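All remarks here apply to the structure that follows.
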Amino acid sequence: MDRAALTVGPGMDMPIMHDGDRYELVRDIGSGNFGVARLMRSRADGQLVAVKYIERGDKIDENVQREIINHRSLRHPNIIRFKEVILTPTHLAIVMEYASGGELFERICNAGRFSEDEARFFFQQLISGVSYCHSMQVCHRDLKLENTLLDGSTAPRLKICDFGYSKSSVLHSQPKSTVGTPAYIAPEVLLKKEYDGKIADVWSCGVTLYVMLVGAYPFEDPDEPKNFRKTIQRILGVQYSIPDYVHISPECRDLIARIFVANPATRISIPEIRNHPWFLKNLPADLMDDSKMSSQYEEPEQPMQSMDEIMQILAEATIPAAGSGGINQFLNDGLDLDDDMEDLDSDPDLDVESSGEIVYAM
């Protein structure tokens, strides 16, 4: 253990003790309710990886376990690759593929909005990754621009990340809780009944497509973007419009209209999206067949960490580090909710977490 690698930063209660024998710190790349994310370099081969550190103890909860188990099973070019988990004296470290291109969200913020062709280029990759997840019986449940990363290539490859809210129909029951970020949540999820997570993912993909094309969220009131109650009402009523200044093809409008359908039974499905004329236009050959993509993604690296080893590490990670105590307060991740949440605080049905994600009590 490299004691010189003891560090503390935002989003952490106690300093991280790195596994200095295997990875060396390059820099911090993010922080939030989960803890902190760091860019690290493998001492064995010099490869850059992203490492998500979560403090040992109570924070190693069901969401963390679900994220690791589901993420471990997924091997696809449009999904951030899970590598391994490591237990340090202070934290659980989740080692993942590093996407050097940053968030798709940042790219849109810089561009304002995308052309229809550019939006389609990224949407095709998003649907390819989501389709693969669903084929593995995993629904993501928190698809959003902030959870889609890009690699560093000239024509960036999109990478889905953050499986903390994902559910597997093999390992878990039908989704019932309301999770996700307000702007992306499907109507049936807000109704607090059992729902098909795969169809709910379709809605979230539609929100992502709309934001790429328009540069704004479809169901937010532009005058009151932080008014979540109004956003929720507009979602339930499917109240959206495409501004006059946004020029998109009739085929694109048709696809959006078939995604934004309140009744999940009549909403377009992922397989139907993949056969839609707008989606098929200029579709890269490597996105046409999931089986070919998966076979192309066989990696000659170290064998996958066994489930038994992972479960043992997770069990040990629930034991708090010796001498753990508050050094830093958590900093809010994502949306800044301080100003406009007073009216929601009094609602007994709502639990609005500081990350900007809404979880309805069941």
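Heads up, the Cβ atoms here are built off N, Cα and C, so glycines get one too.
As recorded in Swiss-Prot, the features of this protein are as follows:
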ACT_SITE  Asp142  active site, proton acceptor
BINDING   Ile29, Gly30, Ser31, Gly32, Asn33, Phe34, Gly35, Val36, Ala37, Lys52  ATP binding site
DOMAIN    23-279  domain 'Protein kinase'
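Summarised as a single figure, the pLDDT of the domain 'Protein kinase' (23-279) averages 87. Across the structure, the residue listed as 'active site, proton acceptor' and Ala37 (ATP binding site) are spaced 19 Å apart at their Cα atoms.
Taking the Cβ of Ala37 (ATP binding site) as centre and 10 Å as the limit, one finds 19 other Cβ atoms among all the protein chains shown. All protein chains included, Asp142 (active site, proton acceptor) registers 20 other Cβ atoms within 10 Å of its own Cβ.
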